[in-house]
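K.L.:
This is the feature table in TrEMBL:
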DOMAIN    7-429  domain 'THIF-type NAD/FAD binding fold'
BINDING   19-24, 43, 51-54, 67, 112-117  ATP binding site
BINDING   153, 156, 429, 432  Zn(2+) binding site
ACT_SITE  168  active site, glycyl thioester intermediate
DOMAIN    311-366  domain 'Ubiquitin-activating enzyme SCCH'
DOMAIN    439-531  domain 'Ubiquitin/SUMO-activating enzyme ubiquitin-like'
REGION    543-571  region 'Disordered'
COMPBIAS  558-569  compositional bias 'Polar residues'
REGION    584-632  region 'Disordered'
């Protein structure tokens, strides 16, 4: 009877997969082999060469084609009798609304960004469809179950926005190699090869009047007939020499910091570079434009010395102007652009040398610049299997057996897979429990646009927001708006909050809504004059989205198999999400089957609520990583801290 019920639950199910990447390929294969008959797949991506090492349903001949469609065709070759419906589209498209989600029995997420995950979570809540989330990075992974009213939703644990750095840290006081990479990629590369009209954040006004008078004011302008090596040396001297000297003139900045040293090209490379392999001819084949190849550098895992970085810097710049001049002015950094990666690596290393920061290889710099964590196909396969196991439990409505399972790199209690009972819904969650939030903001300086971009979209993950003050509509987006409405809302975006009609001031309550997600949130405004630029770079602080306190169990913790344990076992597993940098937070090991109880502030730090928790705590660190290609996971214990600064490639 149980076997028949199991079979009927699978064959009668209509399943939605969101994402057909590393986990998605394994998941579709496992669903098909498990006898699921009706599978729908949404994925907006096309296949890239970098996918082929782990996304086994794809071949070289498929590069450039839709992942969802090719995955369908590949699986139908060995399971021709099942129904697979692909959608080459964005899961946030308006046609994938609540009514669309209601037709499915379960949704299986395989997304590569926080914004889309939030969107799917809210649609599943509105449609009352169970969601199974998953993620991997390297040898680590997790699968979590989210059922409205029975378990936490995906957003019950606040997710941090992608890591940002204050401009002053990037431009003036870098202390980590990632700061140098951000500077090289987002400032120097963008200024040299991107939009020429962007603000000159590098502050490079020429002090070298010996250069042609008409260009003495801007180190980045190239006359067109100026020798390219001389031009490159001029840029080098300004950004690594002159600008550092200017920074050193502010003695207050360096009272408690190590002073950088100015680096001039003549001191590193006194003589002009000679052609390593003859003259470089122009070519339409972008892959052939490589500074490493021109200079005879072969191993991307070698760490170049300062002279080698200088040569790569000058050679890469020259190759951009000789081979790819038509692209200059429209380029943006791409981790798959070899010449761009070479330039950024060299620039970041030279800046690192100036600020006494250890140098890194091109392989490492590419990982940081492109947010890459290298994939392990076996982990994807394990996680896909766990997703199907949980999906079957959901279809059978076997609530008591739901587990959130974590894949570990090293055994813990002799296990590599650690199952844990799901959280209960968090009563402080503004998504599934409708808890109001509060926002500290300077209402006399901040514009409505700042509120929309930094809070409504970045923090709350709304895509089509509607903002109301009492009965007044301050802002709305949509295809059905009249021209005068669009003009009015556009004008409102540029107004300071306190000057809006009606004004948004201390004590105001704003209602923010996304009709597509069927998500509404009330935000209490608190006026605040000043913010710490280092700790609060957005100039506003959203709060109120905190964790519910843990329940006390009178010194005992319930175990999934009906047994119990004394206080010698930990009572909770602290979990948070990090972005590109490691953030050590809570502690606690969880026995298999143990129900988790967690209390955290919204910044990820854990708060003890009882002496029981204090006594049971051990020293294992727990971390959570997000925005990887194959999704979101918990980092437990023994993992390479270098991996934490990187994320999965798409």
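Including glycine, each Cβ sits where the backbone N, Cα and C put it.
Not measured: the values here are computed from a predicted model.
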K.L.:
Of all the binding-site residues here, 43, 115, which one's CB has the most other CB atoms within 10 A?
P.N.:
43
K.L.:
Just counting, how many other CB atoms are there within 10 A of the CB of residue 19 (ATP binding site)?
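P.N.:
Within a 10 Å radius of the Cβ of residue 19 (ATP binding site) lie 29 other Cβ atoms.
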K.L.:
Output, ordered by sequence, the same-chain residues six or more apart from residue 53 (ATP binding site) with a CB under 8 Å from its CB, or 'none'.
P.N.:
375, 377
K.L.:
Take the Cβ of residue 429 (Zn(2+) binding site) and count every other Cβ within 10 Å, whichever protein chain it belongs to.
P.N.:
21
K.L.:
Can you break down the domain 'Ubiquitin/SUMO-activating enzyme ubiquitin-like' (439-531) into helix, strand and coil residue counts using DSSP?
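P.N.:
In the domain 'Ubiquitin/SUMO-activating enzyme ubiquitin-like' (439-531), the DSSP-based counts are 24 helix, 30 strand, 39 coil.
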K.L.:
Taking the recorded Zn(2+) site as 153, 156, 429, 432, identify the other residues of that chain whose CB atom sits within 8 Å of the mean position of the site's CB atoms, giving them in sequence order.
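P.N.:
After dropping the recorded site residues, what remains is 125, 152, 154, 155, 425, 426, 431, 433.
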K.L.:
Looking only at Cβ atoms, how many others are within 10 Å of the one on residue 22 (ATP binding site)?
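P.N.:
Taking every protein chain into account, the count is 31.
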K.L.:
Near residue 153 (Zn(2+) binding site), how many other Cβ atoms are within 10 Å of its Cβ?
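P.N.:
Residue 153 (Zn(2+) binding site) is surrounded by 24 other Cβ atoms within 10 Å.
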K.L.:
Provide the three-state DSSP residue tally for the domain 'Ubiquitin-activating enzyme SCCH' (311-366): helix first, then strand, then coil.
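P.N.:
Output for the domain 'Ubiquitin-activating enzyme SCCH' (311-366) reads 38 helix, 0 strand, 18 coil.
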K.L.:
In angstrom units, rounded to an integer, how far apart are the Cα atoms of residue 19 (ATP binding site) and residue 432 (Zn(2+) binding site)?
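P.N.:
On Cα coordinates alone, these residues lie 24 Å apart.
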K.L.:
Looking only at the domain 'Ubiquitin/SUMO-activating enzyme ubiquitin-like' (439-531), what is the mean pLDDT?
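P.N.:
Taking every residue in the domain 'Ubiquitin/SUMO-activating enzyme ubiquitin-like' (439-531) and averaging pLDDT yields 92.
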K.L.:
Between C-alpha atoms, which of these recorded positions comes nearest to residue 156 (Zn(2+) binding site): 22, 112, 115, 168?
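P.N.:
Comparing Cα positions, the candidate nearest residue 156 (Zn(2+) binding site) turns out to be 115.
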K.L.:
Based on Cβ atoms within 10 Å, give me the single least packed residue among the recorded positions 156, 168, 432.
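P.N.:
Output over recorded positions 156, 168, 432: least Cβ neighbours within 10 Å is 168.
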K.L.:
Out of the recorded positions 153, 168, 429, 432, give me the one sitting nearest to residue 43 (ATP binding site) by CA distance.
P.N.:
153
